[in-house]
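Taken from TrEMBL as is:
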type	residues	note
ACT_SITE	A:13	active site
ACT_SITE	A:40	active site
ACT_SITE	A:133	active site
DOMAIN	A:1-184	domain 'CheB-type methylesterase'
Ligand SMILES: C[S@@+](CC[C@H](N)C(=O)[O-])C[C@H]1O[C@@H](n2cnc3c(N)ncnc32)[C@H](O)[C@@H]1O
């Protein structure tokens, strides 16, 4: 058990639903850390993610609200067409500023702001996706002393996002989805 | 709060901008502001926010460029069509009972939200009796709002949004295309005033039936959100309407009791009678 993990951020794009289905339902009820997730989705879609995973997960799952304080045992999805950020006082906030990597929400935006707020207490997880979003963000997580986990590219539905993340920082660890799930449980002291 | 050097410098930069130019960003959400100011810092070739502060204090030409980073200018005509549909179908019937109307679009950016409402009000036969106030703190945006000129490549999206918002006419009735631009009809802003007004420092200036303030409050911390909503409350007539952005709500607001949800899914509230 590694001491001091305070929050988890996850980014996923193409293939996200399957990958998240291997990770989020593995978190037990009472999981102590808040988990924030960015999935790339078309902007005009009502978010189906929170609804989809609510039924599958032991932890609470919801779409993030602006200025909501973070609490453990909750998965927060970024709403479609908004960036999700973490404020220094560890509240969530939303922004409709420009797309990053053609995406709003963007993984980089969440990871960079969360790295700022949580420093070494942050765990950043980059899953499957067909773009480079998340690489800069993961670098920020590691630079702030946090932990970086990346889905092993060969096991990802789309390898580009994990590859870019691994290329961005040598200290990031490549793991399968099962290993990532186990690692997150461990970081929460609930293995 | 964090006392990282960078955060101290950021606060001092905002303090300097306020003292020197009276733009008050001190109550803004930090995370996205910091992100955008980091981009500005890079663009100005500064290593630290302190260097950027030095530049902005001593070179008045820097502030206008900085404002483009400090204020997010993303908008669309009929952005979130369901909101405009709710205004059309649920709010307009109430507005029709007033002989004259005033509408305040706070944080109007380059005017997209104002033109959307002006078109909707024309389609609903209300435009002749309505005054629109479009306010913002970004002078460049206000200039563009006044001009009513948008890139032609944005028009397919605008047209689609207008249709989804229950548009009763063709959007092309309201603009002329020329040289890659769409110029919106002057008649749409005949009864419109665009002006500089800050929700962070200015006071109420009119009594209105409808306030539309979308995607502005998310940039404010909770105290500043309360200030802004307080202005809306004081500006609205009894039973007047307040429309917010798709992810904004009065749930945590100090003024929540003064409003009742009216079209909750579309974030439209109605001001309650005096208590
Ligand atoms: C993201 S845009 C929203 C545009 C439009 N309302 C919409 O929803 O599409 C935010 C706008 O708020 C303006 N703004 C920021 N701070 C403000 C303040 N203190 N008072 C008034 N407007 C402000 C910005 O200049 C920008 O034009």
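Note that Cβ sites are derived from N, Cα and C of the backbone, with glycine treated the same way.
Annotated features taken from TrEMBL, shown on the structure.
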residue	record	DSSP class
A:13	active site	coil
A:40	active site	coil
A:133	active site	coil
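Cβ neighbour count for residue A:133 (active site) (all protein chains, 10 Å cutoff from its Cβ): 30. Spacing of residue A:133 (active site) relative to residue A:13 (active site) is 9 Å (Cα to Cα, whole number).
Cα-Cα distance from residue A:40 (active site) to residue A:13 (active site): 5 Å (rounded to the nearest whole number). The 10 Å shell around the Cβ of residue A:13 (active site) contains 25 further Cβ atoms across the protein chains shown.
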